[in-house]
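Let me begin by presenting the structure, written as structure tokens, before commenting on it.
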Amino acid sequence: MWGLLIFSVLLGGVLAKEDFVGHQVLRISVDDEAQVQKVKELEDLEHLQLDFWRGPARPGFPIDVRVPFPSIQAVKVFLEAHGIRYTIMIEDVQLLLDEEQEQMFASQGRARTTSTFNYATYHTLEEIYDFMDILVAEHPQLVSKLQIGSSYEGRPIYVLKFSTGGNNRPAIWIDTGIHSREWVTQASGVWFAKKITEDYGQDPAFTAILDNLDIFLEIVTNPDGFAFTHSENRMWRKTRSRTSGSFCVGVDPNRNWDAGFGGAGASSNPCSETYHGKFPNSEVEVKSIVDFVNDHGNIKAFISIHSYSQLLLYPYGYKTEAPADKDELDQISKSAVAALTSLYGTKFQYGSIITTIYQASGGTIDWTYNQGIKYSFSFELRDTGRYGFLLPASQIIPTAQETWLALLTIMEHTLNHPY
């Protein structure tokens, strides 16, 4: 009887999740602007329920799109009719999700210390929040946990503060997981937190950084969305706020900042994955950071971490105008990418958002740069498309390790070039 009950509970949990059986991810290659526009027509056909992992940008830039099983034939016919090339990147999305769940289940078990915590698996929101508490308890002189707000659904929004003392010192901000389905980012954030406590006092270069600068690390920037990726829809990107007059849920928190808000590269359609919201900072998850940054007033570097595509980006995204500090930002990016690549040979591109990928309005680092935070950067971590958002857990630690080398480069530059 008990065995049957447990099986029923497990089955109920599985059945509650959105199913992606037969969904494929296509990689579309566009040769000219006319083909880009044709793919944008596809993007507007809501009945197909397409999920663009990498949207149409410009000729030569790959487009990745998850296509639900019922829409596959129609999409392929459309592409072939217009001479647009494509390959199948992921044959069946659900197979990767099943592998991910099996790996997580096999790695379950509550860690009592940060040394026994498993950094090579994906964790739930509760497990990450537990990890934060353990880390603070182990290093009370170095780490504290701040609540900077509450999410739309009432979850606490936490930031870890790493500091060796002093009031309102110059600071570095790092956030991960603003797009909830980008699981390798939150997992990397957890690894960064542990790395900071390990390297302080051991690595002279990092010790110098933390002796002079505070570090604020927001590991789960979109807690509602992240919880939803675990409970119901692994592919959820946005927040979970409700928009009056629409059945569609959520806002893209990386289109909700007051920097070119509502311009090209964001959508006014609440059902779009890039819906910008009704007004700037409408999302409490964004407003909490805005208020924190403004109240602090001394943040010198701001780094927002996404996946995937293997990019290091700096402003601007909403306009073609180059930032005043373009040459310096470009040189830092070049050095950071070289450091990252030195570990495993992972290749990254770098440049401004609008010239490297596409125009995007209302983005995080455009706002921070406009607020006077000169060293504003955004990462897109592994990979370049084999797995996309479903990066195997075996790549978490290598991804975090190589990214840390790039972060160190940015942090050292920030320390050595005060402004």
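Placement of Cβ uses the backbone N, Cα and C atoms for every residue, glycine included.
What Swiss-Prot records for this protein:
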- 1-16: signal peptide (SIGNAL)
- 121-414: domain 'Peptidase M14' (DOMAIN)
- HIS179, SER180, ARG181, GLU182, ARG237, ASN254, ARG255, SER307, TYR308, TYR358: substrate binding site (BINDING)
- HIS179, GLU182, HIS306: Zn(2+) binding site (BINDING)
- CYS248-CYS271: disulfide bond (DISULFID)
- GLU380: active site, proton donor/acceptor (ACT_SITE)
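Here the CA atom of GLU182 (Zn(2+) binding site) lies 8 Å from the CA atom of TYR308 (substrate binding site). Cα separation, HIS306 (Zn(2+) binding site) to ARG181 (substrate binding site), rounded: 10 Å.
In the shown protein chains, 24 other C-beta atoms lie within 10 A of the C-beta of TYR308 (substrate binding site). With all protein chains in the displayed structure included, the most crowded Cβ environment within 10 Å among the binding-site residues HIS179, ARG237, ARG255 is that of ARG255. Of all Cβ atoms in the shown protein chains, 14 besides its own fall within 10 Å of the Cβ of CYS271 (disulfide bond).
A 10 Å radius around the C-alpha of GLU182 (Zn(2+) binding site) takes in none of the recorded positions listed as CYS248, ARG255, CYS271. HIS179 (substrate binding site) sits 11 Å from the residue listed as 'active site, proton donor/acceptor', counting Cα to Cα.
For CYS248 (disulfide bond), the same-chain residues 6+ apart in sequence whose C-beta sits under 8 angstroms from its C-beta are PRO270, CYS271, TYR275. Proximity of ARG181 (substrate binding site) to non-local residues of its own chain (separation of 6 or more, Cβ distance below 8 Å) is seen for GLY225, THR229, ARG234, MET235, TRP236, ARG237, PHE389, given in sequence order. Looking at GLU380 (active site, proton donor/acceptor) and ARG255 (substrate binding site), their Cα atoms lie 16 Å from each other. Local packing around the Cβ, expressed as the count of other Cβ atoms within 10 angstroms, is greatest for GLU182 among the recorded positions GLU182, GLU380.
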